[in-house]
Amino acid sequence: MSAVSSGQQTRPMYYLLLLMILQLGLHTAEGVWPLPQTLISSTERFPLSPQAFYFGYGRQSAAQQGCSVLDEAFKRYFSLIFPDYTSAYGILRFSTDKPFTVEVSVDRADCDGYPDENSSERYNMSVFAGRASLKAETVWGALRGLETLSQLVYQDDFGSYFVNKTDIEDFPRFQFRGILLDTSRHYLPVQAILKTLDAMAYSKFNVFHWHIVDDPSFPYQSRTFPMLSSKGAFHPMTHIYTQSDVRRVISYARMRGIRVLPEFDSPGHTKSWGQGQPDLLTPCYKGGIPSGTFGPVNPALPSTYQFMAALFKEVSSVFPDSYIHLGGDEVDFSCWKSNPYVRAFMQKMGFGSDFTKLEAFYMEKIVNITSALNKTSIVWQDVFDYHERIPKDTVLHIWKGTPASYHDELSRMTKAGMRVVLAAPWYINHISYGQDWRNYYTVQPLNFSGTEEQKKLVIGGEVCMWGEYVDATNLTPRLWPRASAAAERLWSDEKQTSNVDKAFPRLQDFRCKLVRRGIQAEPLYVGHCKQEYQGV
Amino acid sequence: MLVLLKFVVLLLALGSGQARQPHVVVEDAEPVFEPSKFGSLWPLPQKLKSTQDAFKLTSFRIVDAKDSSAGPSCNILQNAYRRYYEYMFGAGQKQGVFKLRRSGPSDLTGLQVWITSADSECDGYPSVKSDESYELSVIQPFAVLKAPKVWGALHGLETFSQLVYEDEYGAKSVNATIITDFPRFKHRGILLDTSRHFLPIKVILANLETMAMNKFNVFHWHIVDDQSFPYLSRTFPQLSQQGSYHPYTHVYTPADVKMVIEFARLRGIRVVPEFDTPGHTQSWGKGQPDLLTPCYSGPKPSGAFGPVNPILNTTYDFMTQFFKEISTVFPDGYVHLGGDEVDFTCWKSNPDIQRFMDAQGFGQDYSKLESFYIQKLLDIVTTTKKGYMIWQEVFDNGVKLKPDTVVHVWIGGGSNEEMGKVTAAGYTTILSAPWYLDYISYAQDWQKYYKVEPLNFNGTEKQKALVIGGEACLWGEYVDATNLTPRLWPRASAVGERLWSSKDVTDINDAFNRLSAHRCRMVERGIPAEPLFSSYCQREYKGI
């Protein structure tokens with residue numbers, strides 16, 4: 001029956017290996033995902049008791065009690081460290097346990113700020129008897145350390161908590177570690193976004209790339225142009241993100257050290273914009289008259305740029321991050337070609353019949369708008385491919401091709417001195433049978449020909465979950481733990497994490513942790529978690 | 001023509017829009033979206049006539065018809081009335097109570113359910129012979145659902161609930177409709193695998209509920225396999241004590257099993273358990289010493305074990321007692337005995353087996369040994385008065401089968417040649433080969449499942465009549481409670497319609513439109529059925 005079982009005949013080794021590791025107690029520091037850069041742990045273990053467990057600020061720490069990011073994090077991580085703790089616990093058991101204190105120190109008290117492209121996420125942590133010391137330059141680094149600590153704690157068969165003596169020095173390999181969610185092809189309730197942010201923090205992702213609008217719908221409720229969502233959303237009341245929804249997402253992300261990078265993709269992928277903003281899109285022509293359909297944004301009208309300036313002014317004030325994603329991909333020229341006014345504009349501008357020049361003209365204007373707003377533009381690779389003359393501080397986003405072709409693209413872009421984010425190998429909406437996480441894990445982002453200087457221009461990578469076939473019903477199990485495989489590639493040292501078979505039991509263990517934390521992360525293969533997912 | 005306005009709004013809002021998907025070649029063009037004239041009906045009834053005369057549901061009640069042979073003591077129906085009332089009007093909503101006005105000329109005040117045969121089968125279990133037909137007439141002043149047995153009435157209630165739609169202000173309406181309906185195939189199953197991953201009871205129940213929404217009627221419970229033995233046997237408690245992932249948290253107790261069976265019965269669903277032997281039994285060996293064949297490496301036992309040991313009398317004593325228990329625990333007329341994928345290498349390595357082969361005159365033909373085992377097992381199960389189902393290899397290997405054996409075809413993807421062979425030999429058969437839903441791929445693979453024609457093989461009419469249905473299989477290697485439900489639905493719904501509706505219901509665009517609406521209804525009912533394509537549901541999934 002199960003044709004798969006032929007595969008099983010070859011697999012039991014993994015399984016046996018996993019069982020053995022679990023029995024020997026995998027609950028050493030190897031249980032941390034993504035793997036820290038340097039980690040020394042011993043078998044000496046210390047018992048922990050929720051009644052006698054404290055977070056505190058070091059005396060030298062720039063941040064002290066009242067630091068919103070850390071105070072909130074202490075609350076969160078207490079429950080994550082002691083998942084079955086309830087207030088009744090203390091009544092049942094009089095505690096004479098020795099206290100254990102986690103002392104957190106940061107160099108800068110950036111408690112009310114937002115994480116940004118330069119934020120240090122480095123931390124050092126030492127766990128001794130009765131005490132753990134966590135030191136970081138920023139609160140964002142301290143958050144990463146708290147996540148690591150929560151993964152170091154384990155329970156024995158009787159439910160008692162332990163942590164082993166451990167020393168960790170850790171920092172991310174790449175500064176930009178993103179997840180893209182697409183809220184246009186399907187609307188994702190805010191709750192689903194928040195849950196994803198939680199899970200992102202567990203895998204140390206730090207950028208939520210919010211592909212908020214696209215052809216199918218425009219759920220962003222603009223205060224300047226409210227008609228965009230009232231006409232362009234799937235439903236103007238129930239399928240929108242209000243300003244307060246957006247603020248909630250941003251602040252929830254901030255608390256977890258996650259940047260929110262909004263994408264307002266143009267000039268293509270804008271069908272839904274046209275419904276609430278007349279004259280924005282190019283009318284397509286058929287046989288000399290308008291056909292009634294619309295194409296990309298109309299680049300020939302001054303009103304277009306006035307609208308875009310106003311919209312991006314709003315977006316740049318709503319979203320505090322210094323990046324704005326401008327899209328710029330997959331522009332279909334056929335409608336522009338059909339439109340006599342666009343053709344006349346081409347003549348006037350001296351573009352001849354080269355529509356990529358028109359496209360480049362448009363993108364340049366948009367990039368200038370965001371530059372004037374002091375924002376860094378990030379654009380899909382298409383913009384570089386058709387227009388090499390873009391501002392040097394623009395970040396390019398690679399989404400196409402096989403490893404060979406994206407490595408070539410990486411070479412070319414970094415040679416041109418541009419910064420790059422790599423997404424091509426992590427189009428995680430594409431599903432297939434079996435353990436495709438292995439493909440995401442074995443990506444080598446810097447394996448292209450180029451100088452050391454060039455390689456430094458690769459600022460990170462991004463996992464993309466496009467929304468054609470994904471909504472709140474299946475997002476979480478499709479995203480996790482597959483995205484976690486990419487997370488380790490982007491955070492950890494590549495040499496230490498080059499063996500995918502060694503990663504397998506660690507990732508299995510980590511996915512059970514996710515399930516325990518209420519994230520419905522799907523299984524990697526046969527097996528079980530001590531606590532299975534309790535939903536449906 | 002039946003046009004459900006609710007869906008006009010819903011469907012028009014669906015955009016096109018292909019995202020950045022350079023690596024994907026979409027085989028078929030995406031279907032064009034339009035509301036179906038059949039609204040959201042799924043699976044499509046056999047015969048249907050409707051008009052655009054709409055009736056409002058006011059002070060609506062579902063009641064037994066005066067002449068019905070099933071009354072207030074019929075649990076199946078009373079539970080179903082409440083269930084469907086809540087689906088249509090929401091739990092706790094006091095529909096119509098505050099309306100003082102009398103019902104108007106365009107109102108529908110109730111649905112009368114009329115079981116027409118003397119024996120409603122209310123207290124029985126559904127079987128492969130159950131009559132599932134029904135007739136539904138939605139006309140004023142009340143709608144009437146007529147069915148010979150309760151099983152048809154359950155399907156009719158589901159259909160009625162699918163006819164009800166909501167206007168902009170939330171008022172419920174239904175259009176004048178006459179339906180005559182019955183399934184094309186008798187056996188419409190879903191296989192869930194609780195061995196490779198343990199599935200909490202809650203997940204099994206939610207999927208039984210969803211099966212009823214799709215008119216499936218067999219839950220094939222692949223309850224044990226190599227990886228774990230979660231079935232808690234009263235006779236052999238060591239099997240799950242030793243063989244499950246965890247002896248307390250990852251087992252199905254007798255009470256759990258009872259609950260599943262009753263929950264299924266109330267929805268007209270049979271529970272067919274599978275205890276697969278002689279292969280796929282690694283987990284059995286942990287709690288039942290000497291059951292499995294010790295494998296040898298050279299002259300010595302290697303410590304590993306192979307399939308069930310077919311040469312020991314103790315094996316058959318064990319099976320006799322075990323299947324005696326199974327036959328009392330599971331009321332269905334059939335037990336699935338597996339019999340697939342037996343690996344001979346361990347048997348070959350074992351000198352005792354060699355001697356036995358020689359003594360029996362089997363030579364080196366291990367399939368004869370396998371047949372020997374299966375034959376004895378079938379004789380044992382026959383004494384429990386159960387019919388049996390087996391995977392196709394048992395038939396392929398020429399084991400002598402009872403005439404009422406159901407041969408389960410699973411090999412070969414879409415090819416139906418095997419169906420021709422099995423039916424030519426006179427056996428009834430069910431098809432699963434094209435419906436292995438654990439194999440996932442990008443985009444709308446439901447279309448592939450939908451386009452299967454189970455009778456598309458060379459054979460006489462008589463042969464085709466032996467095909468009693470099919471099953472969608474969701475093997476558990478990569479599936480557990482976290483992802484099972486969205487992976488199964490609505491992909492299995494495609495199989496559901498193929499097995500229920502008339503052969504000529506093949507319009508893929510119309511299917512897309514109805515299935516999109518049907519999936520939103522499942523979502524609204526709390527089932528996280530995944531989307532078919534870019535679009536939205538009026539009420540998105542809330543259970544995050």
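Numbers run from 1 along the shown chain.
Cβ from N, Cα, C; glycine included.
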Bond partner of B:Cys295 - disulfide, per TrEMBL - picked from B:Cys122, B:Cys346: B:Cys346
Whichever of B:Cys473, B:Cys520 is disulfide-bonded to B:Cys537 when TrEMBL is consulted: B:Cys520
Cysteine of B:Cys74, B:Cys473 paired with B:Cys122 via disulfide, per TrEMBL: B:Cys74
C-alpha spacing of B:Cys520 (disulfide bond) relative to B:Cys122 (disulfide bond), in angstrom: 31
Alpha-carbon spacing, B:Cys537 (disulfide bond) to B:Cys74 (disulfide bond), which is rounded to whole Å: 36
Tally of DSSP helical, extended and coil residues in the domain 'Beta-hexosaminidase eukaryotic type N-terminal' (B:41-163): 29 helix, 38 strand, 56 coil
Pairwise Cα distance for B:Cys520 (disulfide bond)/B:Glu341 (active site, proton donor) [Å, integer]: 39
CB within-chain contacts under 8 A for B:Cys295 (disulfide bond), separation at least 6: B:Pro301, B:Ser302, B:Ala304, B:Phe305, B:Gly306, B:Thr345, B:Cys346, B:Ser349, B:Asn350
Least surrounded among the disulfide-bonded residues, given as B:Cys346, B:Cys520, when other CB atoms within 10 Å are counted: B:Cys346
Per-region confidence, the domain 'Glycoside hydrolase family 20 catalytic' (B:185-502) (mean pLDDT, whole number): 96
Near chain A - the recorded positions B:Cys74, B:Cys122, B:Glu341, B:Cys346, filtered by Cβ distance under 8 Å: B:Glu341
Spatial neighbours, same chain, of B:Glu341 (active site, proton donor) - Cβ under 8 Å, 6+ residues apart: B:Gly279, B:His280, B:Glu393
Fewest other Cβ within 10 angstroms of its own Cβ, chosen from the disulfide-bonded residues B:Cys74, B:Cys122, B:Cys537: B:Cys122
